[in-house]
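Student: After the structure tokens below, expect a handful of questions from me.
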Amino acid sequence: MPFVNKQFNYKDPVNGVDIAYIKIPNVGQMQPVKAFKIHNKIWVIPERDTFTNPEEGDLNPPPEAKQVPVSYYDSTYLSTDNEKDNYLKGVTKLFERIYSTDLGRMLLTSIVRGIPFWGGSTIDTELKVIDTNCINVIQPDGSYRSEELNLVIIGPSADIIQFECKSFGHEVLNLTRNGYGSTQYIRFSPDFTFGFEESLEVDTNPLLGAGKFATDPAVTLAHELIHAGHRLYGIAINPNRVFKVNTNAYYEMSGLEVSFEELRTFGGHDAKFIDSLQENEFRLYYYNKFKDIASTLNKAKSIVGTTASLQYMKNVFKEKYLLSEDTSGKFSVDKLKFDKLYKMLTEIYTEDNFVKFFKVLNRKTYLNFDKAVFKINIVPKVNYTIYDGFNLRNTNLAANFNGQNTEINNMNFTKLKNFTGLFEFYKLLCVRGIITSKTKSLDKGYNKALNDLCIKVNNWDLFFSPSEDNFTNDLNKGEEITSDTNIEAAEENISLDLIQQYYLTFNFDNEPENISIENLSSDIIGQLELMPNIERFPNGKKYELDKYTMFHYLRAQEFEHGKSRIALTNSVNEALLNPSRVYTFFSSDYVKKVNKATEAAMFLGWVEQLVYDFTDETSEVSTTDKIADITIIIPYIGPALNIGNMLYKDDFVGALIFSGAVILLEFIPEIAIPVLGTFALVSYIANKVLTVQTIDNALSKRNEKWDEVYKYIVTNWLAKVNTQIDLIRKKMKEALENQAEATKAIINYQYNQYTEEEKNNINFNIDDLSSKLNESINKAMININKFLNQCSVSYLMNSMIPYGVKRLEDFDASLKDALLKYIYDNRGTLIGQVDRLKDKVNNTLSTDIPFQLSKYVDNQRLLSTFTEYIKNIINTSILNLRYESNHLIDLSRYASKINIGSKVNFDPIDKNQIQLFNLESSKIEVILKNAIVYNSMYENFSTSFWIRIPKYFNSISLNNEYTIINCMENNSGWKVSLNYGEIIWTLQDTQEIKQRVVFKYSQMINISDYINRWIFVTITNNRLNNSKIYINGRLIDQKPISNLGNIHASNNIMFKLDGCRDTHRYIWIKYFNLFDKELNEKEIKDLYDNQSNSGILKDFWGDYLQYDKPYYMLNLYDPNKYVDVNNVGIRGYMYLKGPRGSVMTTNIYLNSSLYRGTKFIIKKYASGNKDNIVRNNDRVYINVVVKNKEYRLATNASQAGVEKILSALEIPDVGNLSQVVVMKSKNDQGITNKCKMNLQDNNGNDIGFIGFHQFNNIAKLVASNWYNRQIERSSRTLGCSWEFIPVDDGWGERPL
């Protein structure tokens, strides 16, 4: 069903219903205008907006410049009936295009449902419409009626391309941000759109981005509709809350104030400019405003000015605000419902998300100050369709977004070149002491009268330099921790899957009816929306500098197109002072070739050689092994843009190696993270439960603190670093285009010197030349993008994250002391729990929380680069064993030869997992290239691998050290060996002096983190310092090795159990790496994090969790109990029963029994999963095994209370009961493998995580939404954390 009621024509006669002359609220009397009601609550007025504000009634250009990148004025636009008809059809077509997507249908339904609150009465027990949320509709007989509405689309005012969402009403700013909302007016035109450079973002396809692209006008209208949604629901951010820029330097934009509302509406990583502390402030503010509205509805006893009933209007606002209603009719705000509505309005509805649904190209940031504007006509289907936009299917316009490419689809786009009233703000950058004879003209920004060379730089081409005032820093505030301290739920990233979940649960029914309203005054007088005062900055401000800038270098590459000959030069001075010279950063050989005149007979060969050389110059890259996280360097960026202000441009590669990515930044960001605020722990005398809960809450709040700091750093990085990198990206594209233009001009000049007869013998096409040069530029931009992205991520990871981690580690140390003292002070209350709680505190606070960029941004380009950053650590590996293409191979650049014995076993699920037995034929030999055989006294090196060591079962293993990895020759080298409860690293020099570093673990422990479980081992060796062993990213032991002499290792590495007395012994090993450097702690943690494969769920041992495999269950909150079934059927329940009991062999091991209780089997919900591996967010069923028969885990979601008791049901009896579980992998990177199971109802709504709740001292399994509110990353304390235990030979327990 279409969104627009019917097809309208502007000349259709008025009927007083959906075609009528109307009066809208304004600041004075107005003449009625013809309007069209395209849907309930939504009208379109195909007129220029000269009536909402009399001060804006003049359509001519203003006398002074506006502080915007570009303005366009044409007083004749939209003055004829044909133009108005085309406008009407264009707007309705865009509404249908938006409505055709799932996201658009949700947004438009929200807008129709978003009736402004009836708060127009001065009596608090009375509901009354606010008159400025109404229009007067003129009837055919001349009378009028008043009608409430939500949205009006109006033509633009004087500036045709200034699209905006505005409103009128009493104290209008409060209405749009106090929860009430007010009627919205959008100034918009479907006949104009904006350009952007997509090649700045393209990473892989040189065919994409061959020119300028045009924005789909549906995206532009959707952006304004999102604003309307915020304002109708009264959650718009105060326009005074803006993102400011500094203005004190020549390279910074002046006067730019981007409102938080715009950043939030755009979405993507721009929304991350608003730091989390401020976003939490907004959310809490509007939550309280919604509670005020619920309170007002509860007080209301009557309604006036309408024939609608009070109860009907209450129900309208109940639907709008998703209020809860109890049996007495009292309304309240449910926090979960509010959070869902607020998330939908502010994070689901964004421009960035609409781009994904429209499947179009779009600007990548709101801070896109491209000045290209195009005239378009979207009404004909041959130009634009509802489903495809410009990229028409079954045509050449469908591929590579060619329909939006303004050069390929040039018939659809008319670029506005001669702007009426094109105002630009600029700065004048002058370098002192330059002799200016024969300089370029003053019109180009050069001062001929002074001994200063001045260039004019547009304000919007300068660096975006955010002010420190933008970043809230309340991290130093202390906090009181109690037993009921609120733990914030971890935020869920916005994904297409999440949006689809919102769509599936969205209620599209119950669209509000038209309500009869008593006639208001014939002229509804509104109050103008006051806009914030933007500080104005002087235009043309002059800055006197003593050196050239990036902008001088770019200007030196420009020239005036004409009939005169130009020539390239490698001298910036010469190019700036001589109008016929153009600066190039290409080689002197290229300069000689391009400047050399050629005869006609040689012309085509000359051109072909120049194109080849141009491609060769732009393709230049350098590589270095000195920087692990930057794999390629574009050496000409320095001389192209004067990076480093001339100091480093002649050796840009050397400067980057010496200084790092910081040399790219014009201004170095400062991150002011104070000493983090401490926690004040509240004591509870003689109350064990509340005391333990307080400790748990402190640890969870600690995790929140890490999250806050990481978010704060990412916000600073995006705003302060990434924006600078993006400007360099843009300027490099301009620089390459300048070189192409100069090359073309020289070639074209030479061609025009020939006689007509000579030209006739030359088959030369300037357009073909342009295409070839543009293709070279776009290929070059792929490398430039990769390099700049790597630099940006490198700066984040090496200069910003470590600073935050140091602050957090200091905080952890302080909290650890406070918690241990708290436990000691309350030891009398915590009888039987003291040691367990001390261990929990020590373990939790001695482990850093790894940084994961994907938690904080969803920009795929940056996330891809972050992943590459992690992989680049592997690139320093000189041996990297992986199983690929049915072979075990060395992925390092050395490709070492590998020999595999006949008794080596590769796990069938993950073939990187290699099993070695205590057999002569169970071995792997790696033959190293001579270049990497270790033979040194000083060179550092490291190794890392994962290992799973089965339990030692008998006394034959005591005091039996045996080698598993050996690189010794002539009693010199290194090896890894095992002993009962030990992993041992040995270094030995040629004089047989040795050093050992050991990790020890115990087998006399209830539940071990190490026995038969995958362990990540890293050993680093600094030859002038220590050898260190890390387990799961944590430093365990270190010993000095500076006393060792030359170590000459073997040229092969043998993986084999050598010297083991137990003939049944075996080990598992995977991901072996050898590095020719000492890995630092951050690199070890990054490597650990990457190799943990957090997107795949793991079982108790660390293997991949699988479908259709039986598992015993371990609850991490109460690990001494197991799951049992009271009875099957809907009246039965499952519960935790204990204790587990023990398995033991005297003096060898003493452990809890793991194979106890009811087994769970994970079953596929859909057939899309092909490899039988359970992944994060998989939707599954859980079967439970009772007396060798499988039953389905399910619940009745209509049970009273938050906790829904789970039952084991016959599978055919499940029916409509809730049984779908979403599997969650906790990305804690710890030595345990926590899983969480989120049960959902049949509509996809969360019922809650599966845990347990005490009912009459019985710990029954439940699905509880309490967990969803309380859960926090890395928590080991909540009852919804589980581990799946399969039977495994390495544990040695007989299953019951």
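Cβ coordinates come from backbone N, Cα and C, glycine included.
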Student: Figure out which of Glu257, Glu262, Glu279 sits with His223, His227 in the Zn(2+) site per Swiss-Prot.
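Tutor: Of the residues offered, the record points to Glu262.
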Student: Do you know which of 6-59, 492-545 Swiss-Prot annotates as region 'Belt'?
Tutor: 492-545
Student: Would you mind telling me which of 300-303, 612-615, 796-799, 1264-1267 Swiss-Prot tags as motif 'Host ganglioside-binding motif'?
Tutor: 1264-1267
Student: Work out the three-state DSSP category of Arg363 (site 'Transition state stabilizer').
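Tutor: Looking at the DSSP assignment, Arg363 (site 'Transition state stabilizer') belongs to neither helix nor strand, so coil.
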Student: Determine the minimum-neighbour residue: among Tyr366, Tyr1117, listed as recorded positions, which Cβ has the fewest other Cβ atoms within 10 angstroms?
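Tutor: Checked Tyr366, Tyr1117; of these recorded positions, fewest Cβ neighbours within 10 Å: Tyr1117.
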Student: Please compare the recorded positions Glu224, Glu1203 by how many other CB atoms fall within 10 Å of each one's CB, and tell me which has the fewest.
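Tutor: Fewest other Cβ atoms within 10 Å, among the recorded positions Glu224, Glu1203, is found for Glu224.
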Student: Calculate the distance in Å between the alpha carbons (Cα) of Tyr366 (site 'Transition state stabilizer') and Tyr1117 (ganglioside GT1b (d18:1(4E)) binding site), and round it to a whole number.
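Tutor: So the alpha carbons of Tyr366 (site 'Transition state stabilizer') and Tyr1117 (ganglioside GT1b (d18:1(4E)) binding site) sit roughly 46 Å from each other.
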Student: Could you tell me how many residues in the motif 'Host ganglioside-binding motif' (1264-1267) are helical, how many are strand and how many are coil under DSSP?
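Tutor: Within the motif 'Host ganglioside-binding motif' (1264-1267) the tally stands at 3 helix, 1 strand, 0 coil.
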Student: Residue list, the motif 'Host ganglioside-binding motif' (1264-1267) vs rest of chain: Cβ under 8 Å, 6 or more residues beyond ends.
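Tutor: For the motif 'Host ganglioside-binding motif' (1264-1267), the far contacts come to 336, 1202-1204, 1246-1249, 1251, 1253, 1278-1280.
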Student: Indicate whether Glu1203 (ganglioside GT1b (d18:1(4E)) binding site) is helix, strand or coil by DSSP.
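Tutor: For Glu1203 (ganglioside GT1b (d18:1(4E)) binding site) - judged by DSSP and reduced to three states - the answer is strand.
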Student: Hey, how far is Arg363 (site 'Transition state stabilizer') from Glu1203 (ganglioside GT1b (d18:1(4E)) binding site), Cα to Cα, in Å?
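Tutor: Each residue's Cα considered, Arg363 (site 'Transition state stabilizer') and Glu1203 (ganglioside GT1b (d18:1(4E)) binding site) end up 46 Å apart.
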Student: Including all protein chains displayed, how many Cβ atoms other than that of Arg363 (site 'Transition state stabilizer') lie within 10 Å of its Cβ?
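Tutor: There are 24 such Cβ atoms around Arg363 (site 'Transition state stabilizer').
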Student: On the 0 to 100 pLDDT scale, where does the region 'N-terminus of receptor binding domain (N-RBD)' (871-1092) sit on average?
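Tutor: Across the residues of the region 'N-terminus of receptor binding domain (N-RBD)' (871-1092) the model's pLDDT averages 92 on the 0 to 100 scale.
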